[in-house]
Amino acid sequence: MFFPWEKPRREQETGNLLADTRIRAPFHRLMTLISGTAVAEKVLEECRRDIAELAKLGKKPGLAVVLVGDDPASRAYVRSKDKKCRDLGLHSVKLELPAETTQEELLAHVETLNRDPAIHGILVQSPPPKHIDEAAIVRAIDPAKDVDGFHPINVAKLALEDSSGFVPCTPLGCQRLLVDAGIETKGANVVVVGRSMIVGKPMALLLMAKGVGGDATVTVAHSRTKDLPAICRQADIIVAAIGRPEFIKAEHVKEGAVVIDVGINRVEAPGTEKGYKLVGDVAFAEVAPKCRAITPVPGGVGPMTIAMLMANTIKACQQAGA
Ligand SMILES: Nc1nc(=O)c2c([nH]1)NC[C@@H]1CN(c3ccc(C(=O)N[C@@H](CCC(=O)O)C(=O)O)cc3)C=[N+]21
């Protein structure tokens, strides 16, 4: 028997796949691989338009990324943020400070950037070395330049659904992926796994807010949650932000669920060129066949995070002196 929707199984590659790439799944369903790379490109196209509008007003958005120490993964992120800024024609300042930088020195850098009118967004790469009090640094950033959305003022604005604030880039990117992939969040049971200030908590607030990409029924699960697989199996949408490689297995996922994989874990891969590979918080090979849609790693949430950082920087510029 031949069903027209049964397309030949494709190599389950992850990478530059389009959002409508479909892989045949069991029970004659089609599984969508949601391409963060493709959606991020769309967001960046919108950014280019906004940048052109600002240029007419003589304005150019500027982003400062501050990195303390020499963690290789952090350096890679900072480099790709800097590169994306340059691609778009944004003003980009990259501050790479030694691991021994003191709290006072770092605060002085933040103060300088707060006062710099060419800088609209400031990001201090997380996590900083142990001797740095990250909460104090975050509070020192001018909330109007806090494009990470970590400052208490911006956390409050998100909770209050005040759209003048900045929402953390990763949850914002996840929400945009859901909206762009045509996945209805209104009334959906969403389980967010992870309660971090960077992803889990703001993700939950966004999903329960009123409007497009919101109106969901949100459950936040974490390391102390009882019977996590049973809780996750209730979910129409799972957002996995645990920070443990391939933690979410087939037993966590209801047939036909949508899975957003926020994890970016470097795991050893002997014999490969780099000596490591990136895996998500989801065991992709066993989970994907059960899903209606899923994001890959790499090429999923990661590129969206950077695109939303650009979008937040543009918003900061638009709001500056407005
Ligand atoms: N203050 C602060 N803000 C952040 O937004 C922030 C941070 N600190 N600390 C670290 C995390 C991590 N993060 C990533 C962003 C993009 C990719 C990304 O583009 N990943 C590519 C792959 C990149 C590769 O190949 O290494 C992908 O998933 O396809 C990854 C990770 C931002 N972070």
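Note: Cβ is positioned from N, Cα and C throughout, glycine not excepted.
Look at TrEMBL and you will find 34-148 tagged as domain 'Tetrahydrofolate dehydrogenase/cyclohydrolase catalytic'.
Per TrEMBL, domain 'Tetrahydrofolate dehydrogenase/cyclohydrolase NAD(P)-binding' is recorded for 168-319.
A coil conformation is recorded for ARG195 (NADP(+) binding site) in the three-state DSSP classification, outside any helix or strand. Taking all protein chains in view, 18 other C-beta atoms sit within 10 angstroms of the C-beta of ARG195 (NADP(+) binding site). Taken from TrEMBL, the feature NADP(+) binding site applies to GLY194, ARG195, SER196, ILE264.
Cβ neighbours within 10 Å of SER196 (NADP(+) binding site), excluding its own Cβ and spanning all shown chains: 16. When the binding-site residues GLY194, ILE264 are compared by the number of other C-beta atoms lying within 10 angstroms of their own C-beta, ILE264 comes out lowest.
ILE264 are the binding-site residues among GLY194, SER196, ILE264 whose C-beta comes within less than 6 Å of an atom of ligand 1, given in sequence order.
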